[in-house]
Each structure stands twice: as structure tokens, then as C-alpha cells.
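Undergrad: One structure, pasted below without further comment.
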Amino acid sequence: MSAATYTISRSTPVSRAAAVAGLILCLFLAAAPWWAGRADLRLMSEIFLYLSLASLWNLLAGYAGLVSVGQQAFVGFGGYMLFAFTMFLGVSPLLAIPIAGVLGAVVALPVAILIFRLRGAYFAIGTWVIAEVFRLVFAQVSDLGGGSGTSLPIDVVKSIAASRSARESTSYWLALGIAVLVIAVAFLFLRSRQGLALTAIRDNELAAKSLGIDIWKTKLVVYIVTAALTAATGALIFLQKLRISPDAAFSVNDWTAFVIFIVVIGGIGTLEGPIIGTIIFFALRETLADLGTIYLLVLGLVAIVVMLRAPKGLWGMLRAKVGIEFFPLARRVVKPSETQDGRHGK
Amino acid sequence: MADPFLTVNDLTAYYGDFQALFGITLHVDAGEVVAVIGANGAGKSTLMRSITGLLSNGPDMVCWKGRNIGHLRADQIAQLGIAMVPEGRQLFPSLSVEENLIIGGQAGRKGPWNLEEIFKLFPILEERRKVPSTALSGGQQQMVAIGRALMSNPDILLFDEISLGLAPIIVKSIYEILPSIIGGGTSAIIVEQDIAKALSVSDRIYCLQEGRIALEGPAATVTREAISAAYFGI
Amino acid sequence: MDWINSIVQGVLLGGLYALFAAGLSLIFGVMRLVNIAHGDFIVLAAYLGLTVATTVGLHPLVALVIVVPVMGLIGYVLQRGVLNHTLGDDILPPLLVTFGLSVILQNGLLEIYSADPQKMNAGALETASMNLGGNLNIGWLPLLMFAVSVATIAGLQWLFYRSALGRAFRATSDNQDIAQLMGLNKAHVFGLAMALSLAVVGIAGLFLGIRTSFDPSAGPGRLIFGFEAVIIGGLGNLWGTLAGGIILGISQNIGAQLNPGWQLLAGHLAFLLVLAFRPRGLFPRIDG
């Protein structure tokens with residue numbers, strides 16, 4: 001039993017199977033325009049966009065400890081950038097989406113410098129103030145419809161693709177694409193040195209500090225990357241809606257409350273949590289949406305109960321019971337004879 | 001033999017997965033002064049935290065005057081007459097000297113100690129009663145910590161590392177004052193690293209080593225050799 | 001003259017903002033909890049006042065005697081029943097639970113009272129005013145509310161620094177473990193702190209409902225005003241919070257004077273300027 005015979009492994013049979021299954025699922029979903037109806041395609045697009053927002057918020061709050069209730073600032077900002085660049089500068093919508101992302105990162109920097117002065121829960125409310133400022137500022141821009149908003153001109157819409165079905169397919173693929181991109185970015189980031197540092201900070205801030213991990217810089221990077229991808233997602237959301245207004249663009253309920261509930265119910269601080277949460281959220285919505293405000297009441301109640309009784313969410317409960325992990329983040333020490341059995345060792 | 005005031009039976013304690021105490025059994029009789037000595041990390045402070053209820057413990061592990069108190073909260077235990085002078089004084093920085101003392105009497109137990117008596121014991125504190133507790137010297141802070149514990153008129157006083165971080169001359173004066181505090185039926189547990197000091201005021205000693213009791217006996221008869229053997233585990 | 005008028009009105013409005021802030025500040029000081037649903041509780045208190053005023057037929061200001069204790073009771077039960085279970089090293093649970101509460105309150109109020117804006121009628125008191133020369137008029141009602149706000153802040157200040165309860169609050173805030181050793185049950189102390197916070201919210205909500213119209217979605221905005229007043233004034237200083245509220249009120253009124261669309265924006269701008277140049281607030285507490 002010499003030390004040299006041990007290896008470090010992250011992947012497990014389950015995670016390898018999940019990777020293959022995930023790939024097949026992605027291909028299957030990418031083919032949806034050929035097998036799904038128009039309404040299903042729209043619903044699935046919305047699911048992917050929420051999955052993207054939820055994974056981003058999870059990265060921010062669940063890993064970096066930056067609990068924001070103001071991510072609608074970047075959703076709305078991205079949406080408005082899409083409208084501004086396509087309407088005033090004649091930029092193609094497909095190009096305007098990455099532009100919105102980059103600009104999201106650019107505005108996130110001064111915002112971060114300001115609100116990083118607030119700690120913990122006050123940081124959360126600070127992000128909310130920023131979102132309010134964004135909303136009020138965009139409501140002042142009369143070229144973008146002021147307080148009542150504006151619609152995407154028909155020639156801009158047509159520039160995406162000539163036929164309606166081609167447009168719908170394109171925006172579906174974009175939604176699927178951003179969800180896959182966000183999850184991939186989160187996964188690769190968490191496997192990187194910085195991601196590891198972040199997890200260390202989350203698990204034990206004091207210990208991480210004593211190891212000299214630069215918390216501030218890592219958190220800043222996460223905040224800015226998240227803002228960029230949130231803005232790009234926002235641009236896609238309003239490309240689907242074709243209409244934007246300050247209240248819709250910067251809605252705390254739509255872009256933050258729902259997203260938080262998704263992550264909390266699914267399992268905060270895991271990559272799988274937002275996926276599970278998104279599925280549950282939409283299943284609930286499709287069955288309870290007729291109840292209107294009661295549905296929101298139930299959602300709030302479920303989130304509170306989950307937070308109190310199962311703070312790791314449904315995925316956390318499942319993982320504690322069966323010990324599986326679809327996204328191989330944890331490292332395990334594996335004996336050569338056991339390389340095929342990832343459940344052994346830690 | 002006097003009635004046992006405090007009995008600790010086969011006490012275990014954990015911090016998460018880490019076990020800090022492995023079956024500690026000890027007792028303190030009425031009016032008795034017991035010293036608990038041991039190296040850093042031997043489990044002395046954990047023992048204090050378990051007795052005072054800051055660390056939860058199993059049924060029947062800690063009994064007070066024949067009654068099981070292991071399931072009680074720290075504030076309920078405090079009401080029963082168990083007071084602690086915590087390690088590092090731990091005064092309330094937002095409270096003045098006087099307020100720190102008054103809050104010690106929060107439980108409202110009757111007895112000889114009140115603000116006036118504390119000021120008689122430590123006259124310097126009366127002069128500085130309105131000062132924030134953070135403005136005091138280490139020795140004065142220790143006086144407040146002792147006074148704060150006395151204000152609850154306890155039946156047993158737990159002193160956790162009473163001389164840690166204080167100048168020798170202050171430690172000396174505190175030990176000179178101790179007999180006048182714990183005379184008259186009040187029991188005490190003195191947790192101490194300074195073995196000679198602890199022996200000088202105690203009736204019996206327990207020596208902890210890695211969460212277990214390595215040695216116990218009357219303070220007058222234990223030998224230095226036995227103590228060092230237990231202390232260092234050699 | 002318009003300018004002086006808007007500044008004076010801003011000061012009076014600031015008193016209300018300080019009331020929004022005081023409860024928030026209090027519980028943060030005692031247990032490091034930030035109640036995201038704070039604003040929604042203000043709105044809840046306004047609706048409670050409305051219900052009491054219309055069903056019992058009391059004057060809205062008299063409804064205080066019912067609303068304030070009821071809110072205090074809600075606060076105590078909420079803290080003991082729910083929020084105490086969320087407190088610990090992790091800031092996430094209290095934040096998310098109060099966020100969930102916020103959504104529940106908003107939608108619950110929507111279900112009961114509908115989205116129509118409501119307002120309480122304070123009768124003749126609403127229009128009574130005194131003339132301070134020129135066209136500078138000060139309404140008796142805003143003045144009365146301002147006086148009550150200042151008195152409430154003064155009362156809280158006294159309670160926090162001079163009373164046995166305040167001593168228990170400060171001790172528990174300093175060191176929860178040692179406070180327990182003094183015989184203080186922290187669950188109870190925290191319950192009392194939340195009760196006090198929501199009692200103040202009761203006053204604030206009633207005043208809000210008399211001053212302006214409100215609807216179930218008005219909460220988050222009030223939370224933000226209260227929060228901005230706390231940060232502008234500096235954490236842990238109630239008189240600073242009053243000053244912060246007044247600065248916020250003046251900024252908003254000056255903004256509105258420049259352009260009606262800039263009212264809220266000007267308030268946020270004042271907050272951001274303070275955050276940028278005096279991140280500890282204008283009147284931070286001097287420790288030690």
C-alpha cells in the first residue's frame with residue numbers, strides 16, 4: 001500500500017454515464033424543431049433561458065456567496081442593449097446578443113466596485129437598488145419608449161431569418177445554446193484553480209483566508225462573468241418576447257424571485273440543483289398557473305419550507321442518500337484496483 | 001462525605017466529527033474547590049462548555065444537585081446557580097463596566113452578592129463604573145468578569161483559564177482574593193495551566209489528557225511526578 | 001420659494017423614511033438579520049390600519065393602538081417560529097426565507113385586497129396647515145408624523161442604551177454564548193427585538209397609508225428607502241439614520257422639483273454618492 005499506487009480521480013462511472021447521456025440529450029434537444037410543435041418549442045426555450053439564469057445565480061450565490069436580489073438589472077440591461085443596437089445602429093440581432101453580454105460585463109465593473117462595499121445581506125439590497133436605478137434610467141430614455149416600452153421593429157425581426165419557422169428554430173437554438181454554454185462555463189470554472197478556491201471559501205471562509213486565498217478578486221471575476229452571461233440571456237429573453245418595457249425588463253419577480261426559488265428548491269451550491277429546480281418550477285407552473293397569485297404564494301411557501309427543512313434542496317437530499325454526482329467536481333483518491341468503482345475513498 | 005453538587009457521568013463531546021471528550025466522569029461536592037489541569041487541547045474548555053450547556057450533551061451526562069441538566073439550555077442552567085468566568089474574560093464591549101456587572105445578575109438569584117459588594121471587593125471598578133469595558137486593563141477586565149459571575153450569586157463558579165494572558169502580579173492578586181470569593185459554601189472548578197497555582201487553592205485535582213481523565217486525587221497528596229506524567233502523557 | 005418648500009417637505013418625508021429604517025436597523029444591530037420582507041410588513045401594517053379604520057370606524061391615527069401591538073405580536077411569533085431557525089454563520093437562509101416571506105405577503109395582500117391602490121382618510125387633519133409666510137405651507141399632519149417619528153427614534157435610542165431590555169439586546173449582539181451564560185434566552189431576546197422592529201413598522205405603515213396611496217406591491221420600494229437611510233446615516237446609529245432619512249427625503253424632493261421622473265432616481269443617486277465617497281455612512285458609530 002505505497003502512496004504511489006493511489007491516483008486522484010474526479011470522474012465516476014455515474015458521471016461518465018451522465019456525460020454520455022447529456023450529450024445524447026443535447027443532440028435530441030437540438031433536433032426539437034423537427035419533432036416538437038410550435039408551442040412546445042416556445043416553452044422549451046423559456047425553460048432553457050430560466051435554466052441559464054438559475055445556473056448563473058447559483059454560481060453567484062451558491063458558490064461565490066454573493067447573494068444578489070438584483071440580477072434583473074443585467075437581464076433588463078441585456079434586453080435593452082439588444083433593442084438599442086438593432087434599432088439605432090442596425091446591428092444584426094445575432095451579433096447584438098454577444099455585444100449585450102460584453103457591455104453587461106463593462107457596466108458590472110463600476111457597479112461591483114460600489115456594491116462590494118456592502119456586506120452580506122446589505123449587499124443583497126444594494127444590488128436591488130442598482131436594478132431600480134437601471135429601471136428608472138431606461139424609463140427616461142424616450143427613444144426606447146420611456147416608461148411604456150417599445151416593440152422590436154418588424155424589419156429587425158425579419159433580419160433574423162426570412163420565415164417564421166426558421167426564426168423560431170433559431171431563437172430556440174440560441175436559448176438551448178446559452179443554457180449549455182452557461183452550464184459548461186460554470187462547470188469548467190468550478191474545476192479551475194479559482195473555482196476550487198471559491199468552493200474553499202464557501203465551505204470555510206476563515207480557513208480559506210488563512211491560506212491566503214484572495215477572496216475579493218475571485219468574487220469580482222465571478223460577479224462580472226455572471227453579469228455578462230445574464231445580460232446575454234436577457235437579450236435572448238427579449239428577442240423571444242419582441243417587446244420590452246422597464247417594468248418587464250427589470251422585474252424582480254420574474255428574473256430574481258423565480259430564479260431564487262428554482263435554485264433553492266433544486267439545491268443551492270450544486271450544478272445539478274438548478275436543472276432539477278427548473279424542471280420542478282415549470283412542472284408546477286404548468287399545473288398551477290391557473291391559480292394566479294395562489295401559485296406564487298405556494299411557491300414562496302415551498303421555498304421557505306425547503307430552506308428550513310432541507311437547506312441543500314432536493315438534489316442535496318438525493319445526493320446525501322445515494323452519493324451520486326452527475327457533474328464530477330469532487331476529487332476522490334482511488335486505489336488502482338478500484339478505479340472502476342468511484343464510490344470508494346473520498 | 002458531602003452531597004455531590006455537580007456530577008459528570010461518562011461525558012462525551014463532539015465538534016462535528018471530531019470527538020473532544022471520551023467518557024469524562026467527575027464530581028464536585030458542596031463547598032469544594034476542584035482544579036482541572038491539562039495541556040492545550042486536552043478538553044478543559046470543552047468540559048466547561050458542556051457543563052454550562054453551551055455544548056449540548058446526552059441524557060444523564062451532567063447532573064446538578066441530583067437533577068439531570070444535560071438537556072437544558074445555557075440560560076436555564078445559569079438560572080440554577082452555575083456561573084462561569086470565561087476564558088479571555090469575554091466582557092460585553094458595548095456595555096459599560098457597571099452594565100456588565102448588572103447583566104451578570106440578570107438571573108435574579110438572591111444571595112450575598114450585589115453591585116455594592118462587588119465594588120467593595122474591587123474598589124477600582126466603582127471608580128470606572130461608567131467606562132466602556134473595552135477601556136479597562138486586562139486585570140481590571142478579569143475583575144469585571146469575576147464580578148459579573150458573582151452577581152448571579154452562584155452555587156458553583158467555573159473559572160476557565162483564569163490567569164491566561166495576565167501579568168504575574170495580577171494573577172497573584174487574583175489568587176489572593178479567590179478564597180474570600182469561594183468560601184462559605186460556594187463550590188468552584190478552576191481550569192488552569194499553572195499547576196502550582198491551581199494546587200494552592202484546590203481540594204482535589206483532575207488532570208485531563210486528550211479528552212480523558214489521566215489522574216485524579218486530593219491536591220495535598222498528588223506528587224509533581226504523577227502530575228507531569230499525566231499532563232504530558234509520559 | 002419652491003425650493004425651500006421642497007426642502008421642508010423633504011425633511012418631513014425624511015422622518016417617515018427614518019421610521020422605515022429604524023426597525024431594519026434595530027434587528028440588524030441585535031442579530032445581524034436583514035429582513036427582506038421589511039417593506040412588505042410596512043404595507044401589511046398599512047392594510048391592517050385600513051381594515052381597523054374601516055371596520056371598527058376608528059380614526060387612522062387611533063388605529064395605532066391596535067396595529068402596533070398586533071404587528072409586535074406578529075414579529076415575536078415570526079421570529080420564534082421561523083426566523084430563529086435560520087440564524088447562524090450562513091447568511092443565505094435568513095435572506096432567502098425573508099425573501100420568500102416578501103413574495104408571500106405581496107401575493108397574500110393581492111389576494112385579499114386586490115391590486116387597487118388604497119388610502120386611509122385622516123379627515124380634516126389632512127388639509128389643515130399653517131402658513132409660514134409666502135407660499136410656504138406646512139401641513140399639520142406631516143408635521144405631527146414627523147414629530148412622532150423623531151419621538152420614536154428618541155424612544156428607541158433610550159431603550160437601546162438606557163433600559164434593561166436594551167442592555168440584553170446589546171449583550172446578545174456582542175456575544176450570544178456569553179449572554180446565554182448570563183441567563184438570557186437568546187431566542188426570546190431575538191423575538192423581542194423583532195417584535196419591537198415590527199411595532200415600529202406598525203407606526204410607519206400607518207403613516208404611509210395616511211400620507212400616500214399604497215398597493216400590495218409597494219413593499220420593496222419602502223424596504224429600499226429604509227435601507228438607503230440606514231446606509232447614508234451610517235450603521236448602528238439611530239440619529240444618523242434619522243439624518244439619512246432626511247437627506248433621502250430632501251434629495252427626492254429636489255429631484256422631483258427638477259423633473260417629475262427624477263424623484264426616485266435622485267434619492268438613489270444620493271445613496272450611491274454616499275456609498276462611493278463615505279462607504280461607512282455620513283455619521284458612523286464611533287466604536288470603543
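Even glycines carry a Cβ here, placed using N, Cα and C.
Sharing the record's features from TrEMBL:
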type	residues	note
TRANSMEM	A:17-35	transmembrane segment
TRANSMEM	A:47-66	transmembrane segment
TRANSMEM	A:73-91	transmembrane segment
TRANSMEM	A:97-116	transmembrane segment
TRANSMEM	A:172-190	transmembrane segment
TRANSMEM	A:220-239	transmembrane segment
TRANSMEM	A:259-284	transmembrane segment
TRANSMEM	A:291-310	transmembrane segment
Undergrad: Does the transmembrane segment (A:220-239) reach the transmembrane segment (A:97-116) with at least 3 CB pairs under 8 A, where each pair is 6 or more residues apart?
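TA: Contact criterion met.
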Undergrad: Please report, as numbers and ranges, the same-chain residues at least 6 past the borders of the transmembrane segment (A:259-284) whose CB is under 8 Å from any CB of it.
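TA: Sequence-distant neighbours of the transmembrane segment (A:259-284): 43, 46-47, 50-51, 53-55, 57-58, 61-63, 69, 71, 183, 186-187, 190, 202, 295, 298-300, 302-303, 306-307, 311-317, 319, 325-327, 329.
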Undergrad: Report the listed stretch (A:17-35, A:47-66, A:73-91, A:97-116) having the maximum count of Cβ pairs within less than 8 Å of the transmembrane segment (A:172-190).
TA: A:47-66
Undergrad: Give the one range among A:17-35, A:47-66, A:73-91 whose Cβ atoms make the most pairs under 8 Å with those of the transmembrane segment (A:97-116).
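TA: Answer, by Cβ pair count: A:73-91.
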